[in-house]
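Data block below; observations after.
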Amino acid sequence: MGVARLRELLPDYAKDLRLNLGSVTSQSQLNNQQLWGTVLTSAIASRGATTLTELEAEALEHLSPEAAKAARTAAALMAMNNVYYRTLHLLEDKEYSRMRAGLRMNAIANPGVDKVDFELWSLAASAVNGCGMCLTAHEHELRGRGVSREVIQDAIRVASVVHAVAVTIESHEQVPATA
């Protein structure tokens, strides 16, 4: 189940991912809640059914119901915010950036867990979703709260590995490689 099962499902050509998945979930500067919340948020953001099923089951062994809800909330809000703010960043007409967003995001103010944890999870989802504007905002908030670059890097590493695992497993399940 979980990490072990995903490592078994990864094809031989993804041996590095197999090793990285083991490393990022066992050797981290993130505390247990930060780590498994980052794993869950990243799995949701990565949109891989098998990866989400496996990692969610394991994450729920490590997270309180409140933390699991907050991780899901971070993934949901970032799915919206990352599209919106990435689009504003990419549009040539910067007037859009000065307009009121008009999007509800009350959970960011009161996520039900430590604000640092929620910010780390939002950062991870933003990394998966590729929103530079959001990444900068979350990194700035975390650094302002005294979080080290090493901790931030660990959250980004978890997100990148979980995303790569999801992409690889889902594509391999759809079209098994011959080599």
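Cβ coordinates are placed from backbone N, Cα and C, and glycine is handled just like the others.
Database features (Swiss-Prot):
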type	residues	note
DISULFID	C131-C134	disulfide bond
ACT_SITE	C131	active site, proton donor
ACT_SITE	C134	active site, cysteine sulfenic acid (-SOH) intermediate
Three-state secondary structure, C131 (disulfide bond) (per DSSP): coil
Are there any residues at least 6 positions away along the chain from C134 (disulfide bond) with a Cβ closer than 8 Å to its Cβ? List them or say none. M78, N81, N82, Y85, R86, S122, S126
May I ask which residues of the same chain, at least 6 positions away in sequence, place their Cβ under 8 angstroms from the Cβ of C131 (disulfide bond)? M78, N81, N82, V83, Y85, R86, H89
